[in-house]
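Everything below concerns the one structure shown next.
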Amino acid sequence: MKKLFAVIGDPIAHSMSPAMHNDLFQVYGIDAHYQPLHVRRENLKEAVIGLKAIGTAGFNITIPHKETIIPLLDKLDPLAEAIGAVNTVVNEDGKFVGYNTDGSGYLQGLLTLLPTIKEKNILIIGAGGAARALYFTLAQAGVNRLDICNRTAQKAEQLINECPFHVPSAAIGKEEAEKKLADYQLLIQTTPIGMSPNIESLPLSLHNLETDALVSDIIYNPLETKILREAKNKGAKIQNGLDMFVYQGALAFEKWTGIFPNIERMKNIVLNQLGG
């Protein structure tokens, strides 16, 4: 019998995940289908009950359900529980178990560009759900320093205080971040600033950026945001959000099937979808 997988969110029409996963099922000879499902906030509970009732083998969760789905699941992976967000669910013997592959997906993509992150001073821009997953994962990985620049310092401080993994950290404002930019070897942009259609926006000035730094943006549409363009013009290394998106998908696929898929193939599928 064909296995059913899905992604739930609101909106969902532009999700790249179905094309990526359905291609992988075909490549690896797995009798399965991955379906995008438009689920509004008020219908989330019924949707999860329905997915379980029909024996869904696994599903992804995207905005705005990553936090609100937690009480509807049977069990949480410890990292997902610490982060407080779930993006992947696996049906384990009839129980829905929640995982978070966003942070680990980002880290795997990052390590293709940096041999190690142990000695790095890192600045994360933003303190939302994605920043939280990245902060917890990088703190657990044992970096040298991990600061957060956010419009509201209180939200950044809360994120730092709630992390169970200790790392030297500070919540800093935009002006301080711009002044101290030379102290960081890695800059991670996690806000929607620079995403289509607001592609000319910049979260902060890169005037003091070191040329040997890496600037990473989790946005992948456009593939080169304004902050990445400016970083490249300064001679810095850059990374767009394609790696994180593909690796988090690969880790979800591995949890469902036991197979870690071909990353380059997945990237090409997404690039074709983007028209790149």
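Cβ from N, Cα, C; glycine included.
Annotations in TrEMBL come from automatic prediction, not curation.
Feature annotations, courtesy of TrEMBL:
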- 7-89: domain 'Shikimate dehydrogenase substrate binding N-terminal' (DOMAIN)
- SER15, MET16, SER17, THR62, ASN87, ASP102, TYR220, GLN248: shikimate binding site (BINDING)
- LYS66: active site, proton acceptor (ACT_SITE)
- 114-191: domain 'Quinate/shikimate 5-dehydrogenase/glutamyl-tRNA reductase' (DOMAIN)
- GLY126, ALA127, GLY128, GLY129, ALA130, ASN150, ARG151, THR152, ALA153, GLN154, LYS155, ILE218, GLY241: NADP(+) binding site (BINDING)
- 241-270: domain 'SDH C-terminal' (DOMAIN)
Neighbour count, 10 Å Cβ-Cβ cut-off, for GLY241 (NADP(+) binding site): what number do you get? 23
Rounding to the nearest whole angstrom, report the longest C-alpha distance spanning SER15, MET16, SER17, THR62, ASN87, ASP102, TYR220, GLN248, listed for shikimate. 18
LYS155 (NADP(+) binding site) CB neighbourhood, other CB atoms within 10 A: 16
Taking DSSP states H, G and I as helix and E and B as strand, how many residues of the domain 'Quinate/shikimate 5-dehydrogenase/glutamyl-tRNA reductase' (114-191) are helix, strand and coil? 32 helix, 16 strand, 30 coil
Just going by other Cβ atoms within 10 Å, which of the binding-site residues MET16, ALA130, ALA153 has the emptiest spot? ALA153
Given the binding-site residues GLY126, GLY128, ALA130, ARG151, GLY241, find the one whose Cα is closest in space to the Cα of THR62 (shikimate binding site). ALA130
For the domain 'SDH C-terminal' (241-270), provide the mean pLDDT of the predicted model. 98
Are there any residues in the same chain, six or more apart in sequence, whose C-beta is under 8 angstroms from the C-beta of SER17 (shikimate binding site), and if so which? VAL7, TYR34, PRO36, ASN60, GLY249
With every protein chain in view, how many other Cβ atoms are within 10 Å of the Cβ of GLN248 (shikimate binding site)? 24
Roughly how many Å lie between the Cα atoms of ASN87 (shikimate binding site) and GLY126 (NADP(+) binding site), rounded to a whole value? 19
Among the binding-site residues listed here, SER15, THR62, ASN87, which has the most company in the form of other Cβ atoms within 10 Å of its Cβ? ASN87
Given the recorded shikimate site (SER15, MET16, SER17, THR62, ASN87, ASP102, TYR220, GLN248), which additional residues of the same chain have their Cβ within 8 Å of the Cβ centre, ordered by sequence? VAL7, ASN60, PHE245, GLY249
